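Enquirer: Take a look at what Swiss-Prot says about it:
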type	residues	note
BINDING	E51	thiamine diphosphate binding site
BINDING	R153, 261-282, 304-323	FAD binding site
BINDING	D445, N472	Mg(2+) binding site
REGION	394-474	region 'Thiamine pyrophosphate binding'
Amino acid sequence: MEILSGAEMVVRSLIDQGIQHIFGYPGGAVLDIYDALKTVGGIEHILVRHEQAATHMADGYSRSTGKTGVVLVTSGPGATNAITGIATAYMDSIPMVVISGQVASSLIGYDAFQECDMIGISRPIVKHSFLVKKTEDIPIVFKKAFWLASSGRPGPIVIDLPKDILKKDNKYLYKWPDNINIRSYNPTTKGHIGQIKKALHTLLKAQRPVIYAGGGIISSNSSEELRIFAEKINCPVTTSLMGLGSFPGTHDQNISMLGMHGTYEANMTMHHADVIFAIGVRFDDRTTNNLNKYCPNAIVLHVDIDPTSISKTVSANIPIVGDAKHVLQKMIELLKKEKKISLLEDWWNTIKKWKKINSLQYNQLSNKIKPQTVIKTLFKLTKGTSYITSDVGQHQMFTALYYPFNKPRRWINSGGLGTMGFGLPAALGVKLALPKETVICITGDGSIQMNIQELSTARQYNLAVLILNLNNSSLGMVKQWQDMIYSGRHSHSYMDSLPDFVKLSESYGHFGIQITEPIELEEKLMLALSKLSDGHLVFVDVQIDNSEHVYPMQIQGGGMNEMRLRKKEVA
């Protein structure tokens, strides 16, 4: 036991929690904590260039490792700048603890300099928040915060710390709690055995079943159980955008991603299924389209650790509240008692016919660089082993469709909130967590400029990532919608006065490459990967065909079976 100030307790609490890295930006309300980081030691702090980037770095750190990311920001604008990143983590169920400074307790509510109600502002986008009023409460609050962030359905936690409880002259006995008890919070992890048996029996009787896997498989570390279970029952598997990598992308039973830009075979399989085994998903609007037309003949089996997600949008015939890993393990165990399991030959023959539509075909003989070719070439050169972060837009969808992910936690993107500017800082967070891995940020000319200042952070901490900028001089997804829905009226979707991205990256001390011709694509990507392996951050600016659209695309207001497919093109 030690006698410590509040600021020292913050640092010691992080150390006792096992935290090695935090991401932040100093300011008046948290200077005592920053001083303690220096005097106490034991934690590496990454100085970002904008607080939003701090949250995205912590987010990437968390998604790639499963650990809780930690952010430290000052009061007022420091805290509000973090809001977008907190919302991003909340929508995708990512564990994060955000420590925000606050004005002194006596000044709260008096519009003091850099005061804002961080608890009130963040309430809709956090799992829980704490306003700490006593120095001696810091250890127990931090213990609770990390438990809440990572248990049940993970999510972000805010800890708001008034400046006066951090001061050096306020010292108290420090003791890290051995255990905590939160009476109102007791997440269910073990699914009800009766419901599990009923769900398995229903699934095995089905003639047209499909497994629909989401991000909950990844957060529960149950990808291996999913693979074993799916193989044993020979069932087709489709994934949400957040679920990519939960089931091997090149596996024969994988029918690719479903939803707004899902493959023809995935969406048709869902529409015609008689049983949907949904696990670790929340049936968001990008995967269901019109709920009145959604999978009309299917019995829905829904497994999720969050009871509020079950039957929220799609009614579950057999709901199971529990951890995906536990439920799948129990189902695998129960399968041992089954004497005969159908091979679903007729169902697979139907799916193979849908696959022959080749909904991902595109003109590969064009004299312009196609974004699909860029992604496929990257997969070929990296053999699918890289960690890929993505910004939001067409490049995100092209990556999801043309880069098969065979392992979990390799695909890192903002799925729920759709946050542009996420990709670069998230990639830096991944690289910090996994310094020996190849980390690639796939972005566009719109998204990259939202947090491009973090090239400076990358330089300061020698975080070598590859930035692949699919440059179409426009806001590609906005332009696509304008083409399809607004009769081609391109209102403010073209990007004029773009910087020279190669020179810009070089000005930060990095290596830049521009690719303008299809014939040079593979050679220059190989050069970029070579420079990356030598420890350089590499910015690759690829001038792609700006007329290219993402297909398939579901028709607004339609069922899962109603999609726009690419017209056959002439070279």
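Every residue gets a Cβ built from N, Cα and C, even glycine.
Keep in mind the model is a prediction, meaning the values are calculated, not measured.
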Enquirer: Return only the integer: C-alpha distance in Å from H272 (FAD binding site) to D445 (Mg(2+) binding site).
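Expert: Just about 39 Å between their Cα atoms.
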Enquirer: Roughly how many Å lie between the Cα atoms of N472 (Mg(2+) binding site) and N317 (FAD binding site), rounded to a whole value?
Expert: 45
Enquirer: Check the region 'Thiamine pyrophosphate binding' (394-474) for me and report the mean pLDDT.
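Expert: Here the mean pLDDT over the region 'Thiamine pyrophosphate binding' (394-474) amounts to 98.
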Enquirer: For E51 (thiamine diphosphate binding site), which DSSP three-state class applies?
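Expert: It is helical.
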Enquirer: Looking at Cβ-Cβ distances, which residues of the chain lie under 8 angstroms from D445 (Mg(2+) binding site) while being 6 or more apart from it?
Expert: N469, L470, N471, N472, S473, S474, M495, L498, F501
Enquirer: With Cβ-Cβ distance below 8 Å and at least 6 positions apart along the chain, what are the contacts of S311 (FAD binding site)? List them in sequence order.
Expert: H302, P319
Enquirer: Tell me the Cβ neighbour count for A278 (FAD binding site), meaning other Cβ atoms within 10 Å of its Cβ, over all protein chains shown.
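Expert: Around the Cβ of A278 (FAD binding site), 25 other Cβ atoms lie within 10 Å.
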Enquirer: Could you count the residues of the region 'Thiamine pyrophosphate binding' (394-474) that DSSP puts in helix, in strand and in coil?
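Expert: Counts, helix then strand then coil: 30 helix, 15 strand, 36 coil.
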Enquirer: Counting other Cβ atoms within 10 Å, pick out the least crowded of the binding-site residues N317, N472.
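Expert: Counting other Cβ atoms within 10 Å of each of the binding-site residues N317, N472, the minimum falls on N317.
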Enquirer: Using all protein chains in view, find how many other C-beta atoms are within 10 Å of the C-beta of R153 (FAD binding site).
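Expert: The answer is 18.
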Enquirer: Could you measure between I305 (FAD binding site) and E51 (thiamine diphosphate binding site) for me? Cα positions, answer in whole angstrom.
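Expert: About 31 Å separate the Cα atoms of these two residues.
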Enquirer: Fewest neighbouring Cβ atoms within 10 Å: which of the binding-site residues E51, D323?
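Expert: Among the binding-site residues E51, D323, the sparsest Cβ neighbourhood within 10 Å belongs to D323.
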Enquirer: Near A266 (FAD binding site), which residues of its own chain have a C-beta under 8 A away, given they sit six or more steps off in sequence?
Expert: T238, I255, S256, M257, L258, G259
Enquirer: Ten-angstrom check, please: count other Cβ atoms within 10 Å of the Cβ of H272 (FAD binding site), all chains counted.
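Expert: The Cβ of H272 (FAD binding site) has 19 Cβ neighbours within 10 Å.
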Enquirer: From the Cα of E51 (thiamine diphosphate binding site) across to the Cα of N317 (FAD binding site), what is the distance in angstrom?
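Expert: Their Cα atoms are separated by 44 Å.
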